[in-house]
Amino acid sequence: MKGDQDTKEISPDLGKDVQIQADIPNGERGSALPTHLYKRRWVIVLLFSAYSLSNAYQWIQYGIISNIIMKFYNVDGFAVDWLSMIYMLAYIPFIFPVTWLLEKYGLRCTALVANALNCAGTWIKVASARPDLFWVTLLGQSASALAQVFILGIPSNLASVWFGANEVSTACSIGVFGNQQLGVAIGFLVPPMLVPNVKDVDELAYHIRFMFYISAGVATFIFVLVVIVFQERPEIPPTQSQAQTRISRSTDYSYMASIWRLLCNKAFMLLVIGYAGLNVGSFYAISTLLNRMIIDRYPGEELNAGRIGLTIVIAGMAGSLICGLWLDKTKTYKQTTLVVYIFSLVGMLVYTFTLNLGHLWVVFITAGVLGFFMTGYLPLGFEFAVELTFPESEGTSSGLLNCSAQIFGIVFTIVQGKIIDKWGTLTGNVFLCIFLLIGTVITGFIKSDLRRQKANQQAEVQRVSKQSPVLKTSKRIILSNVVINAY
């Protein structure tokens, strides 16, 4: 009777599971492979979150006090904007060699290089706390920016390598939580607290140097932890899809062929433009220019500008974790992505038309709504991309997503900055709203082909079929039907 029950539960979807072999390159046939979940997976993802937090903090630490940095180094606003945009610019030429390095030498090597560069960047900036050394602070920021190339594409890769099928979205959310959310949140909050807008240059140099020393101390401590604790991968893979991936990549994996298959994947390329380019690029522009937006309408509110940025990111953290848990439970990637994108657009519209009302408490509320959906959307795109592109490398697909985000981020930041200078903040934000609307439409056209889920389901069918003679008969019948239908 148990065999009959198993057949009723699984066989209706078996036809779909069989057909996946035609859709997945290098798909592996055969019996289920051994899998195991290790408790230390949580230590690995939290350690990644820690060092990515340290790096993301540095991305925004200048921009949120841009008026103070302009005064101290005697440079214009565009020069200070480049201290943030250098993160985006560095990513574009280096993402492909870094992704190759990830595929060739794995997570641990990538983590060590990222932390070495991040640590070096923080100590270079310690030496730059003088008004005539803007070039030194740019050099230090460039080192940290290069470190980011080794970080941004890791969350989905680490989640797939270490976590079970029902945990990957949550684990990816935790990884993004540290990098693009918690680190940015601290970057919004701490610099305005540590560096007050004082007139005395020597006192200002003291505060800036103190801020740099804190960054360097934290980065050094985390680097030591990574050297001691961070591991490459578990001895036994956590899921059937990961076990199949290890086999296929160890035999005939080609990095360039993988990139070509990704570029030919229509659903993935729509995600690259709609999610990474338009949505994340808009977030980068808003984060970089937030100080200018707030100070322009609310002079002297540097500290509140940082708090508004913090509100955006804290709300996004909640959105990310909720979305990650929801995806692990429902697997409704397309529907969830589209709904969150629509609400991101609505949130941006509300934020745009309430910013100039003259009430900071209203800005806090609307910024929180915007952040919940816009930054809460970040891990969704990574996990949706892995589903659409399995069994291609998670690092490669994430790299292409992030490359698109950096390109659009640079363009949006420069163009919106010029629009704000000439026509004001309202027009600049409407500019972003238009592109978010385009991104929403593009997202609606993405076909939901969840390849990784199909691979895991197929392996589960094979495992259960070993225990059920009735299911084996049912499976042979359905296989026959599939072959007949194919002709």
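Every residue gets a Cβ built from N, Cα and C, even glycine.
Feature annotation from TrEMBL assigns transmembrane segment to 42-62 (among others). For the transmembrane segment (42-62), same-chain residues at least 6 beyond its ends with a Cβ under 8 Å from one of its own Cβ atoms are 69, 80, 83-84, 87, 111, 114-115, 118, 121-122, 125, 137, 141, 144-145, 147-148, 151, 154-155, 158-159, 162-163, 171, 174-175, 177-180, 182-184, 186-188, 190-191, 211, 215, 218-219, 222-223, 225-226, 229-231, 287-288, 309.
Summarising the annotation, TrEMBL assigns domain 'Major facilitator superfamily (MFS) profile' to 43-451. Looking at the domain 'Major facilitator superfamily (MFS) profile' (43-451) alone, the prediction's average pLDDT is 86.
Positions annotated as transmembrane segment by TrEMBL: 82-102 (among others).
Packing against the transmembrane segment (133-154) from elsewhere in the chain are residues 48, 51-52, 55-56, 58-59, 62, 73, 75, 79, 82-83, 86-87, 89-91, 94-95, 98-99, 102, 107, 110-111, 113-118, 120-125, 127, 175, 179-180, 394-395, 398-399, 401-402: each is 6 or more residues past its ends and has a CB under 8 Å from a CB in it. According to TrEMBL, the transmembrane segment annotation covers 133-154 (among others).
Annotation comment: TrEMBL describes 210-230 (among others) as transmembrane segment. Counting residues 6+ beyond its ends, the transmembrane segment (210-230) has Cβ neighbours under 8 Å at 43-44, 47-48, 50-51, 54, 57-58, 61, 107-108, 111-112, 115-116, 118-119, 121-123, 125-126, 128-129, 190-191, 194-195 in the same chain.
The transmembrane segment annotation in TrEMBL covers 267-286 (among others).
What TrEMBL lists as transmembrane segment is 306-326 (among others).
The feature transmembrane segment is assigned by TrEMBL to 338-354 (among others). Within its own chain, the transmembrane segment (338-354) is flanked in space by residues 274-275, 279, 282, 319, 323, 362-363, 366-367, 369-374, 376-377, 380, 426, 429-430, 432-433, 436-437, 439-440, 443-444, which lie at least six positions past its ends and keep a Cβ under 8 Å from the stretch.
Among the features that TrEMBL reports, transmembrane segment is placed at 360-380 (among others).
Same-chain residues lying 6 or more positions outside the transmembrane segment (400-420) and placing a CB less than 8 Å from one of its CB atoms are 77-78, 81, 84-85, 87-89, 91-92, 95, 152-153, 259, 262, 268, 271-273, 275-278, 280-282, 284-285, 288-289, 292-293, 296, 381-382, 385, 427-429, 431-432, 435. Annotation comment: TrEMBL describes 400-420 (among others) as transmembrane segment.
Taken from TrEMBL, the feature transmembrane segment applies to 426-446 (among others).
Within the chain carrying the transmembrane segment (82-102), a Cβ under 8 angstroms from the stretch's Cβ atoms is held by residues 59-60, 62-63, 69, 109-110, 113, 137-138, 141-142, 144-146, 148-150, 152-154, 157, 255, 259, 284, 287-288, 393, 395-396, 399-400, 402-403, 405-407, 409-410, 413-414, all 6 or more beyond its ends.
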